[in-house]
């Protein structure tokens with residue numbers, strides 16, 4: 001006995017249940033136009049249907065059928081597929097005819113839900129594979145793509161404000177590549193050398209204090225805060241180094257030893273290093289009465305960059321001889337020598353995250369940032385920045401660093417390490433950005449240039465929350481004068 005079409009039985013059951021309800025005569029009237037269309041389609045496909053008796057029954061309806069012409073029935077897998085069992089052909093044919101009667105003779109074409117079409121497979125090397133509905137991503141991102149986390153939505157890149165939140169006028173800020181005239185203390189006080197004077201700007205109160213005046217015969221060439229931020233070292237054009245108590249605005253000591261200007265200063269735990277145009281580096285122990293305890297010789301030209309490592313065991317120095325040297329605590333000769341740069345090396349920065357990781361930047365003829373492993377004495381990588389590298393500083397909160405540049409864009413670039421992808425490029429200075437310092441909370445940088453301005457930028461996130469605003473300066477938006 002031939003199996004009856006289950007779909008037709010459902011329709012008949014529907015019409016019988018409708019006739020037993022107390023409905024108006026108008027609603028029990030057969031839908032003639034729909035019946036006629038189905039009968040015509042049945043007659044045209046008589047040879048394909050094995051159960052014409054089940055399809056010739058009158059069909060009644062007790063509801064309005066909505067138009068679904070815009071629906072993609074391929075998503076519901078309603079399109080007929082070849083069947084091995086001939087008894088299922090009747091149901092498939094009936095479904096085809098019913099869909100054609102309700103939505104027109106052209107059924108929506110079944111498509112690959114991934115959006116891939118074989119006609120578009122031109123110059124593509126990746127093989128497209130069928131994906132089930134379970135793997136379809138509602139966010140427009142392939143869940144199987146490399147680097148996509150299945151634990152949650154993809155995290156948006158961190159946004160860095162493209163404008164400084166504060167600008168200070170800094171009259172007489174020198175446009176000299178070999179000087180270091182800006183430093184930020186652990187007590188949140190900014191020191192700036194302007195001409196023959198040093199000024200202190202308190203970031204919490206915005207109060208400006210004149211620390212010292214060297215007189216007409218001398219000028220400030222470098223400033224550097226001690227680690228605790230209570231004392232400031234000042235390098236002068238006459239080769240002297242002065243130590244000032246910032247809280248009392250009182251000079252506590254003057255040390256000699258250099259014959260020419262002192263353009264670079266770096267504090268260790270109890271050692272102050274000074275680099276000079278006379279090509280030498282003097283190590284000064286402030287606990288001793290002597291002006292210096294040792295002299296480091298090796299550079300063939302002016303020393304313009306000095307930085308102690310975070311563990312105070314290694315000192316990196318850069319000079320106008322295009323050389324980068326690394327010294328230990330007790331050596332008078334460099335233990336490591338690097339000559340890959342082709343211009344003056346002023347920009348030097350030790351990583352606070354990886355022991356022995358050193359970054360250096362070259363001048364106009366070089367334009368490269370290079371990375372070194374001083375533990376294994378290896379050159380790790382380099383990147384051409386396409387402009388003079390004036391300064392480098394690592395973030396202590398995240399594995400990023402910032403560089404400041406000269407000709408031709410005078411830009412500031414925030415980099416992601418180790419990929420060295422650019423997080424942000426900041427512009428605004430009209431002269432090369434020669435000076436850079438980082439706030440004690442590690443979120444803000446200040447940059448200085450020959451355009452006689454100091455600009456404050458929020459570039460690094462907080463170690464606890466990337467959305468937390470910097471504690472300093474966020475409410476002091478505007479432009480003022482530092483003296």
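Along the chain as shown, the residues are counted starting at 1.
Backbone N, Cα and C atoms are what each Cβ position is placed from, and that goes for glycine too.
Per Swiss-Prot, the features are:
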- 7-28: compositional bias 'Polar residues' (COMPBIAS)
- 1-28: region 'Disordered' (REGION)
- 174-211: repeat 'WD 1' (REPEAT)
- 215-254: repeat 'WD 2' (REPEAT)
- 257-294: repeat 'WD 3' (REPEAT)
- 298-337: repeat 'WD 4' (REPEAT)
- 340-382: repeat 'WD 5' (REPEAT)
- 384-425: repeat 'WD 6' (REPEAT)
- 428-467: repeat 'WD 7' (REPEAT)
Any idea what the model's mean pLDDT is for the repeat 'WD 2' (215-254)?
97
Six or more residues beyond either end and a Cβ under 8 Å away: which residues meet both conditions relative to the repeat 'WD 4' (298-337)?
177-178, 180, 263-269, 271, 273-277, 279-281, 343-350, 352, 355-356, 358, 360, 362, 366, 372, 374, 377
Treating G and I as helix alongside H, and B as strand alongside E, what does DSSP give for the repeat 'WD 6' (384-425) in helix, strand and coil?
0 helix, 23 strand, 19 coil
Run the contact check on the repeat 'WD 5' (340-382) against the repeat 'WD 2' (215-254): 3 or more C-beta pairs under 8 Å, excluding pairs closer than 6 in sequence.
no
Per-state residue totals over the repeat 'WD 5' (340-382) - DSSP helix, strand, coil:
0 helix, 23 strand, 20 coil
Positions on the same chain near the repeat 'WD 1' (174-211), where near means CB under 8 A and six or more residues out
168, 218-225, 227-230, 232, 234, 244, 246, 249, 263-265, 277, 302, 304, 320, 344, 346, 363, 388, 390, 406, 431-432, 434-440, 446, 448-450, 454, 472-473, 476, 480-483
